[in-house]
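Step one of this worksheet: look at the structure below.
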């Protein structure tokens, strides 16, 4: 299609989302308009002939300040109470639908005629605006910003050749900021003025806006409604329909497999995985697979419904242990060696405060130690936190174990806030200078990102040494046991157990140690919420550490780097449901597998893409982790948009 033809098509289909650009209709017309079957309210645009039709109705209109943000909507908010009945006559489904789903459809992707394929379920266009895009090379391009339920696009317009210069999933947007002065009177013509998008995958996108007609304000508001619906309506997180309809994963599932559970959700079977390690299904003299104590998640709502605990500990005492552990996250089994009986268990911090003790907790750890027939009662505890942080937690009611017959080491892995700031500094360094520039190298060092990756790997290496060389059983925890704890247990298991270095095994490892044990993906990724206080790149650090191990021992992994890059993208994109919630309980209660597809399904269906051709199937032994000083920046992930 020629540039002129594309421009004509755009002009016919375009419907602006700016307040000032939509002429006010009479109140009679507004009250009589309604949602059409294709989701367009007020004026219905026929996709074929572009005729405009007024649709009379007695149902009233859908009146939300988040629908299209047009002047018509603003007028409705000023109507007298006499019109309240009309405005309040939404159906139950409309009342519980999310803000992105309520956002009016302004066009359809099938009519855009772009040189790309859209995903199933990505039929509706929610926003269209003419803007100027500034590339990484500071070259300006005039064109159109197009937003669907899944992605944000920038498409050049005539006389330039038609190109898609920006293609960012909505879930990737981490922050939307106004660039330039806050009032038009104090902005020079040469100053940057527009919208900047900081993306979670380290991209940065800048769109220049007109300084007239409040274009920037309207674009800023509309993008925030689409990207961060939970920042506008917090209650939507608790409403299943509103929650799911906030994410494209819901639309995608309805189109791809609406009446069946896809195979990715069936990949991980807890009992099967524990029996693979050597734990007997019916229990033995050491450990038992317990499916009752946390049935319906009443014992611990952030743990899985199936846990492995010592066989010989009186179950009636476990509640006392739970009340002495943060969030009731008692020590439970993560990994078991059937040859040496050494184990890795995980938990949260004990609530020792300044001087509290719990004999039940002490006895419970003693029983865990006794399951190791070779080393008896010698349990070793790795506290992932810096010691100064653990001491500070004592003053707030938390603490650490100072128990007889237990070794204790602190691992100096920083908290989520330090890690978030470190990644932000890395992001800024990517934008500031070329990667071979001396300034960039200094900025990289100052970000401390590689230092944090090194600290995590060093701690995992220490954990493996205790289990393999000393045949010790080790308990791992941080504060709540769902961030740094998951990093150390999963990395140690990856190093120790060749099964987790297979393609299926790696996905099962993530399901087991991260998803089922309550890593707060919704909060740590910031899905649908612009508040950053709970965000942290904890899981990305795990993928980064896995990349470092893959580089050191490439023949020991069945999967390749592409798998890590794909998982990192699925983490943010909201195309799949695997990483959308904080706990197994919430996924179960909200029937996640019925409303979204698993991120593992497309990987299982395209296995060959992720297979490492250099894999040695006989390399099941423990990995030899080389000097952690040899780690390097994962450029294929962090630098891929700046090369």
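FYI, residue positions are counted from 1 along the chain as it appears here.
Just so it is clear, glycine is given a Cβ too, placed from its N, Cα and C backbone atoms.
Remember, TrEMBL labels are computer predictions, not curated facts.
Source: prediction; values computed, not measured.
Features of the protein shown, as given by TrEMBL:
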| type | residues | note |
| --- | --- | --- |
| DOMAIN | 264-638 | domain 'Myotubularin phosphatase' |
| BINDING | 415, 416, 478, 479, 480, 481, 482, 483, 484 | substrate binding site |
| ACT_SITE | 478 | active site, phosphocysteine intermediate |
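The 10 Å shell around the Cβ of residue 484 (substrate binding site) contains 28 further Cβ atoms across the protein chains shown. A Cβ within 8 Å of the Cβ centre of 415, 416, 478, 479, 480, 481, 482, 483, 484, the residues given for substrate, is found for these other residues of the same chain: 384, 485, 538. In the predicted model, the domain 'Myotubularin phosphatase' (264-638) shows an average pLDDT of 95.
Residue environment of residue 478 (substrate binding site) contains 28 other Cβ atoms, counted within 10 Å of its Cβ in all protein chains.
Comment: substrate site residues 415, 416, 478, 479, 480, 481, 482, 483, 484; largest CA to CA distance 12 Å, whole number. Listed in sequence order, the residues of the same chain lying 6 or more apart from residue 415 (substrate binding site) and placing their CB within less than 8 Å of its CB are 385, 389, 479.
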